[in-house]
Every structure is written in C-alpha cells, then in structure tokens.
Amino acid sequence: MEDFVRQCFNPMIVELAEKAMKEYGEDPKIETNKFAAICTHLEVCFMYSDFHFIDERGESIIVESGDPNALLKHRFEIMEGRDRTMAWTVVNSICNTTGVEKPKFLPDLYDYKENRFIEIGVTRREVHIYYLEKANKIKSEKTHIHIFSFTGEEMATKADYTLDEESRARIKTRLFTIRQEMASRGLWDSFRQSERGEETIEERFEITGTMRRLADQSLPPNFSSIENFRAYVDGFEPNGCIEGKLSQMSKEVNARIEPFLKTTPRPLRLPDGPPCSQRSKFLLMDALKLSIEDPSHEGEGIPLYDAIKCMKTFFGWKEPNIIKPHEKGINPNYLLAWKQVLAELQDIENEEKIPKTKNMKKTSQLKWALGENMAPEKVDFEDCKDVSDLKQYDSDEPDTRSLASWIQSEFNKACELTDSSWIELDEIGEDVAPIEHIASMRRNYFTAEVSHCRATEYIMKGVYINTALLNASCAAMDDFQVIPMISKCRTKEGRRKTNLYGFIIKGRSHLRNDTDVVNFVSMEFSLTDPRLEPHKWEKYCVLEIGDMLLRTAIGQVSRPMFLYVRTNGTSKIKMKWGMEMRRCLLQSLQQIESMIEAESSVKEKDMTKEFFENKSETWPIGESPKGVEEGSIGKVCRTLLAKSVFNSLYASPQLEGFSAESRKLLLIVQALRDNLEPGTFDLGGLYEAIEECLINDPWVLLNASWFNSFLTHALK
C-alpha cells in the first residue's frame, strides 16, 4: 500500500500527509490505510479548489489554462494541509475580514463566493452515514459539508453542491480510478474495511512496555498504579482547599496557604550604596556624532574612509587633557592612546592609497589598556589534580549600588523621536492572502511609529559595532585593529547621512569558546560634562579634546567636546546577540500586535487601522510615582521598543533572575486585581529570590523601582 500511495499521488501531497501523520505520532509505513486516506482527502480538497477564481467583477469563473495577466483571486482558501497554527491564523483572519462566525473545528476550505467554510469528506462507506457523523461532530449551521464516496455518490448540506457538474465529475472520476487501482493490486478490501467513524469521544491512551514501567516508577507516594492515580486526578476538584490536597499528595509537604490581600505585599527593598554607574558597551544619550550628508567620497561605505571623512568635518580639535580620571586606571595611558589614534589616522592620510583596515602599533599604553599579557597562565588540569589544597579563588561579593536618576533619563531619551530615520521599509512582494495584507498593514504602521525613535538608532549602532567587532576578532586575531563606530540614517529631507561616534581598538582575540573574552578600548565623542554626574562615569577616563560651535536660539556658542575612554570586553556569544538586536523591533511589534488582537476579538473585526489612526485615544504606558502614565499609540510602540532594546543593551544574570522571579509576584498581584482571591505559601522566599537580583545593575534597579510604583497603584 505504501508503494502504491507514493506512485499514485503527487509528491507534494505525499509529503503533506507524512507531515500530518508525524504531527499525531503516526507512522505512514505502519498505518498505510490511513496514509492513503489522508492523501486522498488532500487531493480532493486541492481538486475542489483548482481552476476556480473570482474575477474583477466578483463573479466566479473557471480558468484552466493560466493567463498570467488576469487579475484573478482564488475562489477558495485552503486550510487543509497547512500546519495547525498557520491554518487557524488564516481562519481567524478570514473571520475578522468577512465577519463570518468562527468554526469550532478546523475546516478544509473557505469559499469567497458563498462566504462560508467547507468541510470535505471522502468515505468508503455510505455517504449519508458519514454525512451525519460529520454534522454531529461539528454541530455548526454555518460550515457547509460536502461528502464524496469512492462509488461516485455525493451528499452536501441542503443539496447545495457548490461546484459545477464538471468539476465534481472530475473528483468522482479520480476517486473511482484510485479504487480500481487499489482493487487491481488487492488493496481495496483492506482499505474499505479500515475506515472508522468520526471520533467524537476522547480515546483512552494505552501505555505499554518501558513507558508503562516508567509511569509506575514515577507515581507520587501512596499510589500503586497509574490507573488509580489517574482516577484520583480525574476526581480532583480544582477549587477545593489546597492545604488538604497538598498533605494528601505527600506527607513531607506542609504548606500553609496564606490569603494574599491588598495589605499583604510590601515594596521591594532596593539596595543602598554609592549610585550605580553606566555599564553599556557604548554611550547612549551622551553620544555625539560627527556626520557627513550625502556621502559620495571615494571608498564611500568602507568604514575607515567614512571615519576619516567624518573627522575632517570638525575643526575644533585641541591638545587633549584629562578632566575626569578613572579611579583605578593609569590615566595617562588613556590620553596617550587617543593621541596615538589621531597620529595614526593622520599617517593614513599621508599614504598614497588609504588601506581598508588599520592596525595600531602595539605601544605600551595600548598593551596596558587592552590587558595584553595580563591573563593568568593556564595550567593543564592533569598537572595539578594532585595538589592537595587546589581551590577556586574566593571572589568577593559585588558591592551594592543604589538607583541613580540617570538611568530613568536614559530610558526617557530612548523613547524620544530623533530627526532622522534609522530603518528603511523593507521591500516585500505583493500581498496575496488576506493574512499577509493585515500583517503588512501592521508592519507599516508600526515602522512609521518607530523608524525615527532613538531606541532604533541604538539598535542600528549596536548591530554595526557588534558585527564589525566580531568580524575583526575573527579576521585579525593578533592585531590591535581600529574599528570606527559608525551608523547610517536618512534626514527629514531623505538625504543619506553617515555618522561617526568614535573608535574602538580591539585587543587579541583568539576566541575558541563562545564565552572567551575579547578586550577593547572604546573612545567616544560627547558634549556631556562628566563632572555633572561623576558617579555615572566611574568606569571611564574622560578627556577634553576640542571645542564645538553649536547653533542655538541666541546664536553660536562654543562647547567643550569630550572623549569618553574606557576598557571593556565582550564575547562571541554577546556579539552574536548584539548583531541580532533588530529582533527587538520584532518583539515589540508582537506585543503591539497582541494589543490589536485583543481589541479585534472584542469588536469581532480587524482593528489595525482604527488602533493606529484614532489619535484621541490614550493607552497605558507604565507606572511612575505619579500614577499610571498614558500616551498615544506611537508612544506605546516606542516605549515597548525602548524596553526591549534596554533588555538587550543591559543584558545580565541579574536581569534574567529579576524578570523571572518578579513575574511570579506580578501574576499574584494581577490575580488579586481580578478578584481571583489568590493564596500563596512562602511569599518571603519569593521576595528573597527577587531581591537577591537587586545588586548594582542600573537597568534592574530601575525595573525594581517601576515594580514598586506598580505595587502601590495596583493595591490602592
């Protein structure tokens, strides 16, 4: 039978049938009759829809030889053969756009002419018996049923056969041929007898062999077999008294379930200590760009050429001097490193042909800044496993830090609009199916709201820096390569613009494992005076390197230009994630999409357009000490994006732990708000788990303070 199926049906149909069976844990090699039945059903569904179109006037027509220029729409949308999630998405989309009632079971087709879903049946028994089983199962007035048999009979709801005589005859002929082919090979009788009725009751799943033994071994105490455990679980009343249930399950558990009331939760305790400091891999709100508009110089697009061109736009360079030293570092080395960059860039310009990359001379200041020869010597484990007092270093607990106001300002800035666009609208082909049309519309609206957002600039900057650094780490492992920090954007007028934020010099990078570290020194331009918030710049040495003329309302003013220099490090895995920061756009789009879906399901139609275009409506953005902040839909998009971007920029184990543990408390509080009378045990343990993540990370501390604002307002 299996060979017959593979010869008799189109390979695409065979592949879809195999996939469907595997999804339900069935083997096409063993359940061959079922394999044949699924292929037959798929083929009938495809034949049902083949050649049927709707023309420009909305009339149903049959076109057999394809005229590629005709603007035709398929009359039938096929759900059968798609994977379940996709099929349901199509069904939901059709229901939203046409207003048709959503079916309980996944139908096979949708007819755009008659505006109804169709359930196709193919039976080896009497058509009317099978028709009744189908109707009984789906219990829906709205879904049209059409049954075919292998003997040429058919039956349809209200004797409305949907298709013309000829199209149906094609299907019946094909079924008759399949039957004859099977009969000639002696396969028909077994196939005919193997058809079971529509299963409307859940079957008991029999467990045998190893699985049975494992099931018996893994029962909770006091249960002798899987059957009596199953009976116990089936009789479990969900809203009964939990303590009793727990003690019934195991003698060891004695949890007192405490009711969780408005007065129960306390705010999270934020740590004390000096204010937290900036720890991102590059400057955010404090960054300054040297830019060129409409770049058309020779070698445009080669980072080094672009960087030199940007440097030439600034004329206010002066003798650099240290204005905010790094507490622990050898500050003159940072100063010398910057002077060396300037000198070596100058050297490049004096050469005939500018090289594509530039490796710095390995001077003592760079060796120091990049930690050259600082790594402890590695010893083979074989040589030291006999050492009696072998132990890991005692590492000190990190010092706690308190929340500082700068991180909230950073976040606010990330939500703002800039005057440039940082992402282009992707060119994606024409939409064909209704779901694609909705998806494109959402994507375009969302892109319009976030393309100018500063968080989007951070994404593109992060992608660029991480890509360049990973490339250089692999291509020039031993060299101290200079990597310009560049981004590209478009101005309001649509002119292209290339921006230089500063430079990175990378250290030796023999990265074997994902977590092996490459050190780098970053040097970034800024107009921010570090003496205003010295705690923010604890890890930096800041130089004053020039004076910049700025146009203001009162005319030109001269501002000192600073260079923020620090030693930093990253790893292959961190760079890999940094290169994929564009995912943040997707994550925040999906969050917005779930808001649209919620609106749409209430209104029972797609609400995308109204959602984005109703400018008067405000949406909750977040909690602050003042209460629930609200804003336009654009502001919501940008805030969600900024959160996602900061989760990437400030990724850390503290953030992972805080997000996972605080979510549990959040769910309990939400249950209380929804009057679900939640109960908890060991709430103290949960607080401990959350608070052990509040150490010194600025982004985690800010999220914890937001969480406290949420608690205050949620429990009023």
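Just so you know, glycine gets a Cβ as well, placed from its N, Cα and C.
According to DSSP, Ile120 (Mn(2+) 1 binding site) is assigned to a strand segment. Of all Cβ atoms in the shown protein chains, 23 besides its own fall within 10 Å of the Cβ of Ile120 (Mn(2+) 1 binding site). Per Swiss-Prot, Mn(2+) 1 binding site is recorded for His41, Asp108, Glu119, Ile120, and the stated evidence type is sequence analysis.
There are 23 other Cβ atoms within 10 Å of the Cβ belonging to Asp108 (Mn(2+) 1 binding site). Following the DSSP three-state reduction, the secondary structure of Asp108 (Mn(2+) 1 binding site) is coil. The Mn(2+) 2 binding site annotation in Swiss-Prot covers Glu80, Asp108.
Long-range contacts of the motif 'Nuclear localization signal 1 (NLS1)' (124-139) within its own chain (CB-CB distance under 8 A, at least 6 residues past either end) are made by residues 103-105, 145, 147-150, 153-155, 191-192, 195, 197-198, 200. Among the features that Swiss-Prot reports, motif 'Nuclear localization signal 1 (NLS1)' is placed at 124-139, with the record citing similarity to another entry.
Annotation comment: Swiss-Prot describes 184-247 as motif 'Nuclear localization signal 2 (NLS2)', evidence class similarity to another entry.
Distance noted between the C-alpha atoms of Ile120 (Mn(2+) 1 binding site) and Glu80 (Mn(2+) 2 binding site) is 10 Å. Glu119 (Mn(2+) 1 binding site) sits 10 Å from Glu80 (Mn(2+) 2 binding site), counting Cα to Cα. With respect to their backbone Cα atoms, Asp108 (Mn(2+) 1 binding site) and Glu80 (Mn(2+) 2 binding site) stand 5 Å from each other. In this structure, the CA atom of Glu80 (Mn(2+) 2 binding site) is 9 Å away from the CA atom of His41 (Mn(2+) 1 binding site). Apart from His41, Asp108, Glu119, Ile120, the residues listed for Mn(2+) 1, the same chain places the Cβ atoms of Val44, Cys45, Glu80, Pro107, Leu109, Ile118, Gly121, Val122, His146 within 8 Å of the centroid of those Cβ atoms.
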